[in-house]
Amino acid sequence: MIRQCAIIFGCLAIGELIVHFTSINLPSSIIGMLLLTLLLKLEWIKLEWIKGIADFLVNALPFFFVPAGVAVMLYYDLIFASFWEILVASFGSTIIVLVVTGWTHQHLRVRTKKNRSKREKLIAR
Amino acid sequence: MNWIFQNELVIIAFTAIIYFGAQKLQKKTGIVVLNPILITIAIIIPFLIVFHIDYEVYNKGGKYIEFFLKPAVVALGVPLYQQLEKIKKQALHIIISQLIGCLVGIVSVVLIAKMMGASKEIIFSLAPKSVTTPIAIEVSKTIGGIAPLTASVVIVVGIFGAIFGYGIMKLTKVKNPIAQSLSMGNAAHAVGTSKSMEISPNFGAMSSIGLIINGIFTAILSPYILKLMGHWITF
């Protein structure tokens, strides 16, 4: 358990240091996440060392954000003043993202498949 | 009532109990709209208002819960590592579609909000709306948005995507299952991913790739995208 904490907070601390010294535009937690992935990939850290705490943290992730959500009560006026802007912009944009991302990926797959079969035909000739 | 809530442990226990109940409720009913986070917030805020408890008092305990957000994002490195092989196989397709999803997500929400006359603070708070909450909160703070507003918009967007996402994609002829689940993760982050997980573990895995990669892209790119857009639009 202590080793698990050491790994998670170690990655996070390194992330904080990197942000502090490089003024990079990334949250320290994201750097920590990429670092953890890298360390797992390099097999410097074994998956079973970290699995327990990682499963707990990932599963409980939505819970940790409740206080930030409650803080909305501080911005009451702001939200009600721009209620429709917020609603239309976020829902509209979500629909656009769903469709455009889906189309793009689908289109890329079809193209690669076509290219592959073209190549195979050429070779067959 | 107020004096009980001066104790931070009471606040933590109170929040956890409500969240646990909300989670049970959703599992029992299977209704996506009954999102545990949404319900917990919808119970706590009126409660605090009715009993005249300031947010500052609630946050004495709340800050200990929020503390775990950062380690939890680091822990996302584990599922990312587990999906690495799958990502590698179609790396280019995934990266290109996620990149476009990220760009379209930020640009469209900024443009729509701007057209409707939203203020600078609101626009910046909406910009990271597609990514998972802890990342969105960090991004929002970085670019000068209002983090709590971002947090609530993110959840609402996630629930909206989970409920209507697959229907919308069916209507617009996004038929390929991988494309569907990837864009679900891109647009509706963790909430959308849990919806995909219900369909099948494969859908869930692809959605989580979408949520992680778009999270990274949004964290890296959103300050630059907004700066670029600033050349054409005055926020």
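Cβ atoms are placed via backbone N, Cα and C, with glycine included.
Look at TrEMBL and you will find B:6-22 (among others) tagged as transmembrane segment.
Under the heading transmembrane segment, TrEMBL lists B:29-52 (among others).
Among the features that TrEMBL reports, transmembrane segment is placed at B:93-113 (among others). Remote same-chain partners of the transmembrane segment (B:93-113), defined as residues 6 or more beyond its termini with a Cβ less than 8 Å from a stretch Cβ, comprise 87, 122-123, 126-130, 179, 182-183, 186-187, 209-210, 213-214, 217-218, 221-222, 225-226, 229, 233.
Summarising the annotation, TrEMBL assigns transmembrane segment to B:146-168 (among others).
TrEMBL lists B:203-226 (among others) with the feature transmembrane segment. Residues 76, 79-80, 83, 86-87, 94-95, 98-99, 101-103, 105-107, 110, 124, 127-128, 130-132, 135-136, 138-139, 142-143, 177-178, 180-186, 189-190, 192-197 of the same chain lie 6+ residues outside the transmembrane segment (B:203-226) yet bring a C-beta within less than 8 angstroms of a C-beta in it.
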Spatial neighbours of the transmembrane segment (B:6-22) far in sequence, C-beta under 8 Å, 6+ residues away: 34, 36-37, 39-40, 43-44, 57-58, 60-62, 64-65
